[in-house]
Amino acid sequence: MSFSIATWNINSVRLRMPLVEQLLAEHAPDVLCLQETKVPDNLFPIKAFQKAGYEHVTFSGQKGYHGVATVSRHPLEVVERRRFCDSDDCRHLSVHVEIGGRRILIHNFYVPAGGDEPDPEINPKFRQKLDFVAEMHDVPAVEGDNLSSILVGDLNIAPLENDVWSHRQLLKVVSHTPIETTSFEAMRRAGNWVDLMRQIVPPEEKLYTWWSYRSKDWEASDRGRRLDHIWSSPNLAPHLQGIDILRHARSWERPSDHVPVIAKFDLG
DNA sequence: ATGGTTGCCAAGCAA
C-alpha cells in the first residue's frame, strides 16, 4: 500500500489552477496541501479539484492573503482550523485520512514570512513569526499503533546551512537568522518530528524549494532557499520511499515562486 | 548598499 502527499505554496490557487491540474495529472498524490490560496472559502474552486479526481476538498481561506487548502483522493475529516498568535489569519488546517488501515493526522501550515527587518523589537511581523513558531510547540507528532502524523507546508524558515544558497550571506536575512533557525529546530525536536527531506538528501547537499521572483534568471543564479517542509512522526519515517522536489515547476508558465514537494511512503 | 518581481485588486501592502 503506497501513499503520497504533496505540499505547494501556490500563490493564488485561482490564478494557477491550470498548474495545479498539471501537477495532479502527472503525479497523482493521494493528498495535496496548498498554501497562499488567496481565496475566501465561498470562492474556492471545489469543482475543478473534483473533476481532477480529488473529491474531498477542504480549505481555510480569506480574501487577498494567506489561506490553506487540503485536497484528497480519499475521504478526509477536518480536525481543526487553528488560530495562532491570536490572529484570524488562515494559516493552519489539520485533517485525518484513513489509509492502509492507518489513521494519519495531516497538518497543513503557512507560517508568517516575517517581513524584512529581523528585529522583533522594531518589526511586529518578525515578532509574530517568532511567536508563531513558539506556539507550534503545542503541535506534537502524535503516533500510536495505527496512528501517525504528517506536518507539511510553507514554514518560511530554512533551518540548515545548506538550505540556503549562502549561509554566510543570509545570516541576517529573515528566514535564515539564528534566532529563527534555532527556535525552529528546537520546536521540531520538541514535537518529535522527523525532517523527511533530510532523511533522503544529506545535510551536506544544497536543497531548495523556493527561488525569488526578483531575479533575472532564477535557474542560472540558483539563489534558492528550503522554505517548504515535510515532517512525520517517527513511526512513519521508516516507510518513506522517496522525496520529489519538482524544481522544473519553477520554469512553468506564470509559476509560483515555490515548487511542489512530494513524499512517497510504502505503508506495507 | 540597493533594487529587483509578483498577486491582490485597483493603492499600497505582503511576500
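Cβ atoms here come from the backbone N, Cα and C positions, even for glycine.
Just so you know, TrEMBL annotations are computer predictions that nobody has curated.
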Site-mate of A:Glu36, A:Asp154, A:Asn156, A:Asp257, A:His258 for Mg(2+) in TrEMBL, selected among A:Asn9, A:Asn146, A:Asn162, A:Asn235: A:Asn9
Stretch-averaged pLDDT - the domain 'Endonuclease/exonuclease/phosphatase' (A:6-258): 97
Per DSSP, three-state class assigned to A:Asn9 (Mg(2+) binding site): strand
Surrounding CB atoms that lie within 10 Å of the CB of A:Asp257 (Mg(2+) binding site), all protein chains: 17
Cβ-centroid neighbours of Mg(2+) site A:Asn9, A:Glu36, A:Asp154, A:Asn156, A:Asp257, A:His258, 8 Å, sequence order: A:Asn11, A:Gln35, A:Tyr110, A:Trp210, A:Leu227, A:Asp228, A:Ser256
Cβ packing number for A:Asn156 (Mg(2+) binding site), 10 Å threshold: 25
